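As annotated by TrEMBL, active site applies to His408. Taken from TrEMBL, the feature compositional bias 'Pro residues' covers 507-527. Sequence annotations record features per position, and here TrEMBL assigns domain 'Carbohydrate binding' to 534-615. Taken from TrEMBL, the feature region 'Disordered' covers 503-534. As annotated by TrEMBL, signal peptide applies to 1-19.
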Amino acid sequence: MASFLCILVVALSIGGAVAGHDYGDALSKSILFYEAQRSGALPNNQRVNWRADSGLHDGKANGVDLVGGYYDAGDNVKFGLPMAFTITMLSWSVIEYGKQMASSGELGYATEAIKWGTDYLLKAHPEPDVLYGEVGDGNSDHYCWNSPEDMTTPRQAYRIDANHPGSDLAGETAAAMAAASIVFRRSNPAYSNELLSHSRQLFTFADKYRGKYDSSITVAQKYYGSRSGYADELLWAATWLHEATGEQFYMNYLTGNAGPLGGTGWAMTEFSWDVKYAGVQILASKFLMQGRGKENEAVLRQYQDKAEYFLCACVQKGNQNVQRTPGGLLFWQKWNNIQFVTSASFLISVYSDYLTSAGNSLKCPQGSVQPSELLAFSKSQIDYVLGDNPRATSYMVGYGSNYPRQVHHRASSIVSYKVDSSFVTCRGGYATWFSSKGSDPNVLVGALVGGPDQNDNFADERDNYEQTEPATYNNGPVIGVLARLHGGGGYNQLLPVAVPIQATQPKPSPSSQPQPNPSPSSKPQPPAASASPLVLSQTVTSSWSYRGRTYYRYSTVITNKSQQNVENLKLSIQGLYGPIWGVSKTEDSFYSYPQWLQSLSPGQSFDFVYIHAGPQASISISSYDMSCSLSYCAKSY
């Protein structure tokens, strides 16, 4: 095992997309999949052109507009719990790896995928204590095999409210909106605030009226039953609300309920749409490494212990490890095992970057694991999914040359409505299309199917739903990992999040991109003098009160606007009265690049953060060197 990991680490050190896989192509395709899952009136820039409008009357029978959102998998039902989890994981992927997505031109498409989901979730929450959690039902839907454009099955909408609670559904939806609010904070501040307002209401609703959602929406039990209950979602929602707001109330909820709600009691080896504990534990560990919640440090360390139990079990360094197939794939269950692979790979990847930023390693019962080894293990799982397996099969449709051709998916298996508008009846679809042994007429590009069994076996057959059905929540986590593998690292993942701004179709020039309006408490520092190639800006990103004092978190970004490399940067920082992360101290009041960064290339930025109870520190550029270009070389003092 050790030699295997070493080989992967060497491969990673060569560059971004290596070992024969085009992670950029896989990233693009995995995002494109969401356009095939859209419900509602499709936009003009729809790229999956074999789909058409569908579900245009969803919610009408209930007197509410529920048009939009996503079909969860290969059927035509909109299930709220997995949809919300999908949006949470898409958002987390962008929060962690948005810079890498921006560099490959995919960030705009990723944020569009998120917004298609959050627009629907906002509609589904028409009142503070009302949330619609399903449109359609699995029983009647599964009786038919026709595309969304032709469906005639009942579109009854099901809801939770104060008398019919669903803390798991409301909590996950609160988490999704809080995470998405971070994504849109700079590019669409008003929308971000709207999401955050709904998130707060949903968290209060979930916590006040406790109960499992599938006891209220009983038609969901057979398909997305809440096995883990609602305690994990309450912690999950509080965690994301603290990440989005920095407010102590949510930190206190996370730590104060760590025991009663199982956050520090459950040692998990699964992370999924149903079981969120491992995700809570990873984020709580991030808070600890960032220096947040000092007064709750002991509880956060308990969360970290459980997070590392999960990680050690995945990388085969624990006392009770996750099963693996002979080919090396992590294995949990025979039905859609890949959902667990992608979610675990994402947690392993982000924790690797957290450890790198903190300068730490993972301590497991069977030995220490370096951050590079964690990332290598995550990469090995993604490589398996993309084709490095005993069958040489890519489990991402449309990626590579050997991928599933008979996907268990109604829309892709039936000729496009735009090609043949003849009506496909409910049962007629089974006779004509489901039973066909031919390849799908529409390639469901980017879909991750359920994948192989515990012996690496796989049958590409449409009726083999355990292995050939895709799902939206399979893709949400893998998008983050693919962005990391394609775009590389080098960023401090413990700094405050600032998702880049990137639009799609057409992509505007930088000068035409919308810029956020600073809040009254945000005081951007004037840029450096025009003669300098470096532009420096400071912004307040969060504030909170503790023991009568107000603390502020400041983010500072330095960008190289020149056409040359900037080296040997020396920063002067005066009036700093608290901790600082993301720079290296060279002498009293002087700082330089962090250890992982040697220079700024043209157009590159780096950021750092500090916290103190006072106005922003005085930060200025004291000196730097410019690398020579032809006969020109400059130095500024």
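Here, residue 1 is simply the first one shown, and the rest follow in order.
Positions of Cβ are set from backbone N, Cα and C atoms, glycine also.
A TrEMBL annotation is a machine prediction, not a hand-curated record.
Mapped onto DSSP helix, strand and coil, the domain 'Carbohydrate binding' (534-615) counts 0 helix, 53 strand, 29 coil. Counting only residues at least six positions away in the same chain, the Cβ atoms of Gly74, Val449, Arg462, Asp463, Asn464, Tyr465, Thr468, Glu469, Pro470 sit under 8 Å from the Cβ of His408 (active site). Mean per-residue pLDDT, taken over the domain 'Carbohydrate binding' (534-615), amounts to 81.
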